[in-house]
């Protein structure tokens, strides 16, 4: 069934204009972005397929353009538009968290890191530099590739911490494979950086392993 064949109060565009965006389901909002479907599958059905396939809007926020190719009828133009909208949403949420949140609990950091690293296709080591009140000074991506004690240089982390006048840091890296369990190499790297930063009175509060679906706190696991 085409969207135009639905009752007027059931069509996403008319429903939004009459009742506001909050009245629409996630699938209906996505249908407005998609605009058209393909034979046998209208835009609303495609929107529902996106929600079901990627686990709702939260899952879509961590979905890259390659994964979207699995949705039949989602061509390059629609994928590009959808990725652009999702990126704007990620940036807006990240700005709000950065401006308003104190990074004093694992959950606050987890939410922020999920937005920043959850959907990245390559392994990245990042550091959140915090002031004495656990407010975010900066998030910096310092290294890329397979992380080992030899590929992450403690001196560079220390130099950045001093340059930013950070009182503490939270370490983070992503596992694109989807396995969130910290490895022995992750534990060894954490201790190396913890010792190096202690020499300049900068505390390591936590080290998170981030995947597209979760962020695991090494502090909560007793590995810090």
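Each residue, glycine too, has its Cβ placed from N, Cα and C.
Between the stretches 173-186, 187-200, 201-214, Swiss-Prot puts its motif 'JAMM motif' entry on 173-186.
Summary for the binding-site residues 173, 175: the Cβ-based neighbour count within 10 Å is maximal at 173. If you draw a 10 Å sphere around the CB of residue 186 (Zn(2+) binding site), it holds 19 other CB atoms from the protein chains shown.
Look at residue 173 (Zn(2+) binding site): DSSP puts it in a strand.
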